Amino acid sequence: MVFGKDNVLDKKDNTKRIQEIDMAKGLLILLMVAFHLGLFNAKYPHACQIVYAFHMSGFLLISGYLFSVNREPKKFLKSIYGIVVPYIAFEIVYLLGLGMFGKFIGASNTFDGGVLTLLSKIAFLPSGTYWYLHTMAICLTIYYIVNRYVMKGLSGILISSIILYTLSVGIPGFKWGDIIYFIIGILFRNANFEINEKLKSPISLLCFVLIIIFANDISRCSIPGIGLTLTFLGFIFDLKDRIPKCISNYISYIGRNSLAIVLFSPLFTVVAKVCAPFFAFDGTRIIGTICCLSMIVTLCLFCAILFDRSSLSRIIVGKNIYSKL
């Protein structure tokens, strides 16, 4: 799995690998929160297009790479519990909040339906960033079942891909353009391709920039989108050893708490948008974004601590969700 302390490959407890992946997760989650605030959208539309092409794709790829089909069914069910239950719980809270306050605060998403509409959205069309949990729950379940009970290796990946593609045709919120990154991740794992070492390169940033300059179609479900995702991860893996350790440790700390930020940030992002007018004096939108981003991340971490201390984390997620600095 991509969250918490699960970013090691089976028994290979490699501290450097954990830190590199956590650092990538930390930067990706910060980009997710920053660009979902909407402050940049009108001012820097091209930058938004670029970030949206790779920020969640990186999470999906890492999730596929870290997932082991060798775990026993009991452990797998525990992992799925830690995705499905928080997804349902927080999606309900998010949708009900939009229904009551969405129009008042000018949220981009709205919800005006009843119980059946609520259930339909949870099952088929998730709102906010919770679509990631929805996508992961389906991908992990299908891939695990196929590899454990039908076919292993590349054949299992092929069968899983066909099933996932078929499901994407019938489920509006389950998109093939997202699924493909999970598949790339499991292909890397199946080939013993250590992404933290093999993708790492001092020219990754140059390749990233060249794709932006010359690509005609920059979107998540495109070849340039895949290129941006891979080169960004390569850049971050290479960057880790080139920046002060205190900075990499802090970004890794954010990455280790990515689950808490994924769960709580949509709730606080909606509220943070109300604060946007207070930063109207800043034409660049940078000050407002930094302030709102800092506030949201801090609140997410605070909520994670409260959930752990009140045992809500163990009830909803099946484990504690806060990781100390």
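Note that Cβ sites are derived from N, Cα and C of the backbone, with glycine treated the same way.
Among the features that TrEMBL reports, domain 'Acyltransferase 3' is placed at 19-303. Model confidence over the domain 'Acyltransferase 3' (19-303) stands at 93, taken as the mean pLDDT rounded to a whole number.
Per TrEMBL, the feature transmembrane segment maps to 26-44 (among others). Proximity of distant same-chain residues to the transmembrane segment (26-44), defined by a Cβ-Cβ separation under 8 Å and at least 6 residues beyond the stretch ends, is recorded for 51-52, 55-56, 58-59, 108, 129, 236, 250-256, 258, 261-262, 265-266, 269, 272-273, 276, 279, 284-285, 288-289, 292-293, 296-297.
According to TrEMBL, the feature transmembrane segment maps to 50-68 (among others).
Among the features that TrEMBL reports, transmembrane segment is placed at 80-102 (among others).
Marked as transmembrane segment by TrEMBL: 122-146 (among others).
Non-local neighbours of the transmembrane segment (153-170) in the same chain are 69, 138-139, 142-143, 146-147, 176, 179, 183, 186-187, 190; each lies 6+ residues outside the stretch with a CB under 8 Å from one of its CB atoms. Annotation source TrEMBL lists transmembrane segment at 153-170 (among others).
Remote same-chain residues near the transmembrane segment (199-216) are listed as 20, 50, 222, 224, 227-228, 230-235, 237-238 (criterion: CB distance under 8 Å, separation of at least six residues from the stretch ends). Positions annotated as transmembrane segment by TrEMBL: 199-216 (among others).
Summarising the annotation, TrEMBL assigns transmembrane segment to 259-280 (among others). Listed by sequence, the residues of this chain that lie at least six past the ends of the transmembrane segment (259-280) yet keep a Cβ under 8 A from its Cβ atoms are 3-4, 29, 32-33, 36-39, 86, 90, 93-94, 97-98, 101-102, 105-107, 128-130, 132-133, 287-288, 291-292, 295-297, 299-301, 303-304, 307, 317, 321-322.
Distant neighbours of the transmembrane segment (286-307): 30, 33-34, 37, 39-40, 254, 257, 260-261, 263-265, 268-269, 272, 275-276, 278-279, 313, 316, 321-322; these residues of the same chain sit at least 6 beyond its ends, with a Cβ under 8 Å from one of its Cβ atoms. Taken from TrEMBL, the feature transmembrane segment applies to 286-307 (among others).
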Other parts of the chain folded back onto the transmembrane segment (122-146), taken as Cβ under 8 Å at six or more residues beyond its ends: 2, 32, 36, 56, 59-60, 63-64, 67, 69, 76, 79-80, 83-84, 86-88, 90-92, 94-95, 98, 109, 111, 156-157, 159-160, 163-164, 167, 171-175, 178-179, 182, 186, 262, 265-266
